[in-house]
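See below for the structure under consideration.
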């Protein structure tokens, strides 16, 4: 048996052992499974979107520009963490599949991991896009998405170590403007994280959303809860129903 040296990259054996496991919860197996589920929900259509998981000192990332529902474990990129966001050439890839491109979402995923996340999901959900447009029309570009008095809000954390939001709480999700290139979103994403320190998601106008969680399971369920709320909000707006209930009215 050939000894595998972790420090080797694509010039050597490419550290294939990092993505080889029979454990369904291993990031190299879980990312393709999650992407298949997200594709079925219309979140990663046409190669859009992405998913990344941090496990210890390794970050596992789906490749860019591929059909997300067809991703295989051996197509997963692996980064050593911590690693620089910029320039891309400084990032510490310890596994790079041949003929595939690293995710353009990488620096945004890293921003979530720098906040302690264990998983970050990026989707192109139509409902997420729609609420960014409705907020812009109603509140202007500086407005954030807000909704209250909906049971599903309980699926969203109140903040790190603060438990979950309650039925009567108002969920607030910041919105940033889209850019021509994905990586150029990083600065405004990090600014939104600073302005909304308790948020676990950032919407991108006319683009989609980034959602992160302490674990892959939490990131997934939070993403599902948010998409439910976005869809409901669009339908509520169509019926002239307010998103935030004014209890004093």
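The backbone N, Cα and C atoms fix where each Cβ goes, glycine too.
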Zn(2+) binding, same site as 122, 124 - Swiss-Prot member from 58, 207: 207
Same chain, 6+ residues apart, C-beta under 8 Å of the C-beta of residue 207 (Zn(2+) binding site), given in sequence order: 124, 129, 132, 178
For residue 124 (Zn(2+) binding site), the number of other Cβ atoms found within 10 Å of its own Cβ: 20
Cβ-centroid neighbours of Zn(2+) site 122, 124, 207, 8 Å, sequence order: 48, 49, 123, 125, 128, 204, 208, 209, 210
